[in-house]
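Q: Here it is, the structure in full.
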Amino acid sequence: MSRPGTATPALALVLLAVTLAGVGAQGAALEDPDYYGQEIWSREPYYARPEPELETFSPPLPAGPGEEWERRPQEPRPPKRATKPKKAPKREKSAPEPPPPGKHSNKKVMRTKSSEKAANDDHSVRVAREDVRESCPPLGLETLKITDFQLHASTVKRYGLGAHRGRLNIQAGINENDFYDGAWCAGRNDLQQWIEVDARRLTRFTGVITQGRNSLWLSDWVTSYKVMVSNDSHTWVTVKNGSGDMIFEGNSEKEIPVLNELPVPMVARYIRINPQSWFDNGSICMRMEILGCPLPDPNNYYHRRNEMTTTDDLDFKHHNYKEMRQLMKVVNEMCPNITRIYNIGKSHQGLKLYAVEISDHPGEHEVGEPEFHYIAGAHGNEVLGRELLLLLVQFVCQEYLARNARIVHLVEETRIHVLPSLNPDGYEKAYEGGSELGGWSLGRWTHDGIDINNNFPDLNTLLWEAEDRQNVPRKVPNHYIAIPEWFLSENATVAAETRAVIAWMEKIPFVLGGNLQGGELVVAYPYDLVRSPWKTQEHTPTPDDHVFRWLAYSYASTHRLMTDARRRVCHTEDFQKEEGTVNGASWHTVAGSLNDFSYLHTNCFELSIYVGCDKYPHESQLPEEWENNRESLIVFMEQVHRGIKGLVRDSHGKGIPNAIISVEGINHDIRTANDGDYWRLLNPGEYVVTAKAEGFTASTKNCMVGYDMGATRCDFTLSKTNMARIREIMEKFGKQPVSLPARRLKLRGQKRRQRG
């Protein structure tokens, strides 16, 4: 059947004759130069029901899809089940994390077992079958490299469960009746349902990974399915196991990914999944990823034009703990004058938490030079941030040696700390599962089951309660809020990794920091906790909201995709209205986040940077992800030089530590470091700044912040108060200073006794 107005019956007969003449051409069809220019003008609508008449295009096939579908309802179970080369072990439905063995992330889906070579090479569809087993990367359903327009299905329940939602690891929102549900779900539960991927070029398909529906309330997954391929979306060839259709074993629960590799690779443009059975109490719903190698096509200008390449000579692979340590050592040997490797503590399993320092004087704090840090891997399965930081360290070293003026200036004027893996225990667990089979949560938590991202003390509540009682800043400061004693006790549920980070941040006077996370494309800034306790989402700004907005935008706007209005959402949230940025509390509330703790307990302004929709992309995607984030990573580091900086000294020129720097109109102060130097992040404008310290007279200045990069110098010299001078003189001569309140009380007592 052809579309009305698209072809005459005579032309259709000619095409049919050409197709039948190609049967048995022994693969010559793949060399047909007309293939590359053919238009799929006769393609049926994507959501139409497959017609049995299509089988007339494939007379050599023993049974077409339509015939098989007519027989299937009479059988209680599929007659044959394929033995998967990489089947995940069976687990209970409540199993939280899958541990598929031997799935190293830098060898994604590479190891295979032998299987029978499929028969039936004589067919009308131009499909090539390979004898040699080959491993191929994912096509990119999870990373969104495959667009929504390339996904099609027979039927859908509703738009929110359309084919475009059938992506591996896609997450549903809390409200599952909106446009953002967690799978493709067929409109009917029968054997004629399918979901299809158009690769838009010849591709060597090698495997399929499936999941059930992501849902808090429903249990839906496919337990077995067939795989079909086509070059024109009309004539389909089912993957065979000998002489019969191969039935692949699907999922046994809804979250653990299951891999099935094809017995032999199939070369085609389209691939279709046809569910054969599903969970008894559920519906036909699935998420998936396709493994395939696009074939070179010199005639296709579109693909050549859109290929992402990088010129940076970096180590684009996933590194386990040992390899990460070795890479750090190599970088240190390449750039010994600007790098230093150290550790901030140990994980629960005893793995050292290594960091790389980059500075022209590594190992020491230079007066007047700001400190910056990047952290990644708080969630062990969010691997992209870890690899981006390892790439960043290599890049900075190479560019410094090449005397790149921008990088040289950054290194000489900034002390940079890079902590690529805060949760190495979790990462090793995710690394063992691999990039595609780890699911959404394998390795997220520490070894003792703690989520580091919300394991810091909740200082927000302490501050807000004090503000409600009007005790700020008289009794409770608006900054440097002390950690509660219960949190410091050994019995507190605090991860070893969390304690290590807190000690690290208290030791080094960080000014700006970014913690890299995954699963979204957005930059989140504090506060992360809502102020209204009965709400789960509420815009909760800090006193420095305008500064945080700029810092977030500086990263998002220089990222290749974050502010692209044409890109689709990763899962459920559309952050384009805020230009790729979001206030953490207005997104979802988190108590005890690193961002809030850093802002309220230290001088550091911390933001969460979500660098990709795919938490654990295949290593073949790392060059593209590096290109997406490279400029952003550098620009964000440069923001540490925005605002004002200076020294607070006494009349003898000695730096005053812990002096308070206040900015009029901003209810959040910072303090000077041990040498009396300070850095205050501010947007361009004129500010009234006050420096004060115990025992000194406060000093106020007008400080101007310009638009050019580089902090404005604003120094203060404080003189001691009269009482401080008296105390100093009396201590010098060995006498105790007079306590005026005590003396007044003594005089009053004497007067009472005299009257009595």
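All residue numbers here begin at 1 and follow the chain in the order shown.
Here the Cβ of each residue, glycine as well, is placed from N, Cα and C on the backbone.
So Swiss-Prot lists these for the protein:
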- 1-25: signal peptide (SIGNAL)
- 51-131: region 'Disordered' (REGION)
- 68-78: compositional bias 'Basic and acidic residues' (COMPBIAS)
- 79-90: compositional bias 'Basic residues' (COMPBIAS)
- 113-131: compositional bias 'Basic and acidic residues' (COMPBIAS)
- 134-293: domain 'F5/8 type C' (DOMAIN)
- CYS136-CYS293: disulfide bond (DISULFID)
- ASN231: N-linked glycosylation site (CARBOHYD)
- ASN241: N-linked glycosylation site (CARBOHYD)
- ASN281: N-linked glycosylation site (CARBOHYD)
- 317-640: domain 'Peptidase M14' (DOMAIN)
- ASN337: N-linked glycosylation site (CARBOHYD)
- ASN491: N-linked glycosylation site (CARBOHYD)
Q: Just the number: how many Å between the Cα atoms of ASN337 (N-linked glycosylation site) and ASN241 (N-linked glycosylation site)?
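A: So the Cα of ASN241 (N-linked glycosylation site) lies 61 Å away from that of ASN337 (N-linked glycosylation site).
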Q: CA-CA, which of the glycosylation sites ASN231, ASN241, ASN281, ASN491 lies nearest CYS293 (disulfide bond)?
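A: Of the glycosylation sites ASN231, ASN241, ASN281, ASN491, ASN231 has its Cα closest to that of CYS293 (disulfide bond).
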Q: In whole Å, how far is ASN281 (N-linked glycosylation site) from ASN241 (N-linked glycosylation site) when you measure between their Cα atoms?
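A: Checking the Cα atoms of ASN241 (N-linked glycosylation site) and ASN281 (N-linked glycosylation site) gives a distance of 29 Å.
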Q: If H, G and I count as helix, E and B as strand, and all else as coil, what does DSSP give for CYS293 (disulfide bond)?
A: strand
Q: My understanding is the cutoff is Cβ-Cβ under 8 Å with a sequence separation of 6 or more in the same chain; which residues meet that for ASN491 (N-linked glycosylation site)?
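A: Those within reach of ASN491 (N-linked glycosylation site), by Cβ under 8 Å and sequence separation of 6 or more, number none.
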Q: Give me the Cα-Cα distance between ASN281 (N-linked glycosylation site) and CYS136 (disulfide bond), rounded to a whole Å.
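A: That separation, Cα to Cα, works out to 35 Å.
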Q: Of CYS136, CYS293, the disulfide-bonded residues given in the record, which has the fewest other CB atoms within 10 A of its CB?
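A: Sparsest of the disulfide-bonded residues CYS136, CYS293 by Cβ contacts within 10 Å: CYS293.
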Q: Quiz question: given the glycosylation sites ASN241, ASN281, which has the greatest number of C-beta atoms lying within 10 angstroms of its own C-beta?
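A: Highest number of other Cβ atoms within 10 Å: ASN241.
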Q: At the Cα level, what's the spacing in Å between ASN231 (N-linked glycosylation site) and CYS136 (disulfide bond), rounded?
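A: Roughly 19 Å, rounded to the nearest whole number.
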